[in-house]
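Step one of this worksheet: look at the structure below.
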Amino acid sequence: MSTTTTTTAVPATATTAQKLPHVLPTAFKHPLDPLTPDEIAAVTLTVRHYITSKPELASIKAVKFITTYLLPPPKKAVLAYLGIPLAPGEKPELPIKIIRKAEVDFLDVVNGFSYNVILSLHTTDKWSVDTCEKLPEGVQPQISVEELFECEEVIKADKKVQELAAAVGVLPEQIFCDGWSIGYDERFPQKKRIQQALIFARFSEHDNLYAHPLDFVAIVDTGHKEVLQIDFPPHYKATTNGPVLSVPKTQMPPLSDPEESLKMSNRDRIPPPRKAFDFLPDLMAETAEVLGPAGEKPKEKKPFKLRDDIKPLHIVQPEGVSFKMDGNELEWQNWKMHIAFNHREGLVLSTITYNDHGELRPIIYRLSLVEMVVPYGAPEYPHPRKFAFDSGEYGMGTMANELSLGCDCVGQIHYLPGSYVSHSGAAVVIKNVICIHEEDSGVLWKHTDYRPGGRSQTTRRRRLVVSMVCTLANYEYIWNYHFYQDGSIEIDIRLSGILQVYVQQPGEPSPFGTTVAPGVNAHYHQHVFSFRVDPMIDGINNSVVEQDIVPLQGDKSATGEDNNFAGNAFTIAETILEKETARAYDFAKERRWRITNSARKHYASGKDVGYSLSLKEGITPMMARADGWAVRRAGFTRYPMWVVKDVEGPKGGRMWPAGKYVPQTREQQEDSVESWVEGGLDVKDEDILVYMTVGTTHIPRPEDWPVMPVEHMSIAIKPTSFFDQNPSMDVPGTRDGRSVSAFSGESVSGGSCH
């Protein structure tokens, strides 16, 4: 049996690709520690030996490994190992033996099938195969980083692509492309492993290629390394009745050769815009110019100059950081958690607890991004295929950046490495993939007794930041998990990078996009994220309470009635969710949700202890139709809140809201959150999962070009009747002795901090 091999690092992402060692040691300090690079190599070597030893697998002549990752142990076993109780007031369960397991997806290169393998580690260095399952025909595991590069190689080498590029002034060596999932296209069989190639020109070595989109899109079979189809999207013409498309229908045309495809689009070829829009300072200095009015040529050159009026701003911790690390476990300001990395979720936080004056209180068992989709809004073919599942189709971990000290994270930084599998079975290692540091975050709490002689107290807020940055072709996603001294958590999502663009004819209207530069059209689109919370609020049996804020209604519902004379009264209406369900957001009622444990009450409020979830800053309705391609595949986008029971099996618990195997799917998956809620299982006082859907609708601005300023949204997770009082009252107030007046001669006297 042969195998495809590579030992090259992934540019700008991976530090190195590991070579298979002769000795394959393995061990773990924490049962949720991710597979080490050596373990990845040992696991894939075991799979390779297993394939060659089984006559029923003799047809497999070559393999490509796609995923290799830890299969987490059962939840109760992990909690027992860590000494975390399952319910308030109870002792932890007695530890049991934990068998370390791994899960692998690989491709049968010759025959085109996919396989899933489960392995167990029964000795310190010996893995064995438990199951090897051939997946149904057409089921595709994730698209690998290497396949994305292979797509570009196929495009650059294809003679027809070269001819089409040459016809609009682009040389073969100037052709580049971003490989994307096919999205949805019934013209191609699901068994083929295919991508759509969004093609650009690059006119100098580090030129911003997105400024030069070409006017056709190719379909590539990466398994057989061939171009299957070239589509020419139609274009809009300005008329007195508004924009009119060059074709009568927006649906996909039949498969055809490029000449016929161009003819069916009913428009002429469009050369790519030539003007450079670079983002590297040295290149911007070479190409800077003053732009004239739309349609006119620039009239003069203007030197590019970086701002020189920014004084240094340093973050200094002369006595070191306030957090401690023990392998992948972190402790900070009463918080304790496990931090891990895997190919699909990237950054994963687990076993999050809080030390409440000596009592270990569990809060969240596992927290991570588990899916996202980016649907675009242009209806004309082939643009509706653009709705990438950046987590399920590619993997956030495989797209993670190698972080740079003093750039991506500032101050005193601790990094954690990450690794994922290459086609060959060796580990691709990202040295600094997870960043951990502290930040000042303004005032934590303050009060001043305003009376003469009164005193004041100001306590500044510090937060712990656990973060990761991912590059998905043109876009950057920055994932920040903030932990605060008042027991609250914030998920902060930030977006940057370069808009996904398409070429535009001079004067062409753009009803579904913004012309961000001459000839460059950025389509309207959305970013919709699904975060999975596996809660353990004082134990694993929890409930979700839905809270609405409602005006007090009376007999007359009018000011002047007896029970609300001034018309000012409002109260809350709470409902405990009893069965698996999806819930809509209600802006009129400022709806929110709370995860609670009925086995413990707050001493003063009398309410069940809990943590509230506020999604208000990220609530975004899905703009695609409910029966459209995007929503049929991404059912999790229909609602912002999903509550289901966690059901553990041989391959772990419920994980992926759009299904485990996402590429090239066309309908709702059986193993998806939309299907789970149909089961109607009890979720009151049960081991539950909460899926939160947040997002943003991006109407591009010219100010987002060539690189967009960071846009962000957040989810707040706050204690509600969980602590006796503000848990940060014991945070000392400090006066920063290094704070001085901004300008000489100014008085620095004023009020006191404390």
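Note that Cβ sites are derived from N, Cα and C of the backbone, with glycine treated the same way.
A quick note: this is a predicted structure, and the numbers were derived from the prediction, not measured.
Over in TrEMBL, the protein carries these features:
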{"type": "DOMAIN", "residues": "30-86", "note": "domain 'Copper amine oxidase N2-terminal'"}
{"type": "DOMAIN", "residues": "141-234", "note": "domain 'Copper amine oxidase N3-terminal'"}
{"type": "REGION", "residues": "241-268", "note": "region 'Disordered'"}
{"type": "DOMAIN", "residues": "313-729", "note": "domain 'Copper amine oxidase catalytic'"}
{"type": "ACT_SITE", "residues": "Asp390", "note": "active site, proton acceptor"}
{"type": "MOD_RES", "residues": "Tyr475", "note": "2',4',5'-topaquinone"}
{"type": "REGION", "residues": "724-754", "note": "region 'Disordered'"}
{"type": "COMPBIAS", "residues": "741-754", "note": "compositional bias 'Polar residues'"}
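Residues 160, 164, 185-187, 216, 229-235, 379-382, 384, 505, 509-511 of the same chain lie 6+ residues outside the region 'Disordered' (241-268) yet bring a C-beta within less than 8 angstroms of a C-beta in it. Across the residues of the domain 'Copper amine oxidase N3-terminal' (141-234), the predicted structure has a mean pLDDT of 97. Sorting each residue of the domain 'Copper amine oxidase N3-terminal' (141-234) by its DSSP state yields 27 helix, 30 strand, 37 coil. Rounded to a whole value, the Cα-Cα separation of Asp390 (active site, proton acceptor) and Tyr475 (2',4',5'-topaquinone) is 10 Å.
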